[in-house]
Ligand SMILES: NC(=O)C1=CN([C@@H]2O[C@H](COP(=O)(O)OP(=O)(O)OC[C@H]3O[C@@H](n4cnc5c(N)ncnc54)[C@H](O)[C@@H]3O)[C@@H](O)[C@H]2O)[C@@H](O)CC1
Ligand SMILES: Nc1ncnc2c1ncn2[C@@H]1O[C@H](COP(=O)(O)OP(=O)(O)O)[C@@H](O)[C@H]1O
């Protein structure tokens, strides 16, 4: 049923999206798998973007950069190895940085700060027409005026709210699945409404429920990892809905493979095992939970 063209609703599984993963090619180079830019938070709150950026690399993006205020650059530069760092003063500088056509995905929100600067950077990226993932503070800054956000979304965009963030933009939740579908239609973005059973909804009405999650995912920073995985797959060229479904399933699978005692830092380094499982073939997937 999940592969049928008439498929509208069902449980998330690799059958939905494995054919769209961007596997490295023998004659390929890093740019073939995209350049993801992650907006870094201020010097006292760098962990969230570091989790996202490391995950974006483990998720397969060929290059990942953290763009941050110059005052925080040293922290990111010392703490991150394969991740590159880019100084960022204002929204104009951000727009110039991501104008590079090789930048194929932008993540904003994890520990970015609920302030006018974050809001301006989000609008700059959306107005640049870049594929974006908006999480956490990049959503909360539009509380009280979400139409400014919805009106700026034109390119493929994924929103990854937890229930608190969702309510700030769309009002109180009464039915997670139905509300996520309406929110996707209203915003024009793919909605990833997080929780035990994460709902992934597309503006065209497709909706999938993810059921392989472990309760050990309810830990600080776990959502930052999911956002990093979303931008990684988006930057690699997957369509937004499939990228969101794949990221949600792979995130949960990484938690399953690690097992009890999980903290967010453990998730990115389980992704090679998730990739190995996916590479075994399209018929033998081991969907847990
Ligand atoms: N290592 C780090 O630097 C981390 C930074 N983080 C950042 O910390 C900031 C605040 O994130 P929070 O997630 O605490 O968000 P918020 O402080 O924006 O919202 C949390 C509030 O939302 C409500 N809520 C309703 N449903 C909820 C749900 N399912 N999960 C969580 N809260 C729910 C609760 O009232 C809760 O007090 C963000 O910028 C986030 O990115 C967090 O991601 C944790 C890790
Ligand atoms: N009880 C649960 N069972 C399974 N997964 C959960 C549960 N609670 C939260 N999650 C998942 O954990 C992640 C938490 O993300 P989020 O709330 O953004 O946390 P943070 O902001 O600390 O990173 C999401 O992917 C969510 O779906």
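Note that Cβ sites are derived from N, Cα and C of the backbone, with glycine treated the same way.
Record features, source TrEMBL:
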type	residues	note
BINDING	48, 162, 224	(6S)-NADPHX binding site
BINDING	194, 195, 196, 197, 198, 223	AMP binding site
COMPBIAS	1-11	compositional bias 'Basic and acidic residues'
DOMAIN	13-278	domain 'YjeF C-terminal'
REGION	1-24	region 'Disordered'
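Locations of recorded TrEMBL features on the structure.
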residue : record                   : contacts (Cβ under 8 Å, 6+ apart)
48      : (6S)-NADPHX binding site : 41, 110, 111, 136, 221, 224
162     : (6S)-NADPHX binding site : 194, 195, 223
196     : AMP binding site         : 213, 215
197     : AMP binding site         : 176, 209, 210, 211, 213
198     : AMP binding site         : 192, 209, 210, 213, 248
Problem set entry | Winner by Cβ contact number (other Cβ atoms within 10 Å) across the binding-site residues 195, 223 | 223
For this session: Just the binding-site residues from 48, 194, 197 whose C-beta lies under 6 Å from any atom of ligand 2, please, or none if there are none.
Result: 194
Exercise. Of 196, 197, 224, which binding-site residues come close to ligand 1, meaning Cβ under 6 Å from one of its atoms?
Worked result: 224
Problem set entry | Max CA-CA distance, Å, over listed (6S)-NADPHX-binding residues 48, 162, 224 | 15
For this session: Within 10 Å of the Cβ of residue 224 ((6S)-NADPHX binding site), how many other Cβ atoms can you find? Include all protein chains, please.
Result: 28
For this session: Between any two of 194, 195, 196, 197, 198, 223, the residues recorded as binding AMP, what is the biggest Cα to Cα distance in Å?
Result: 14
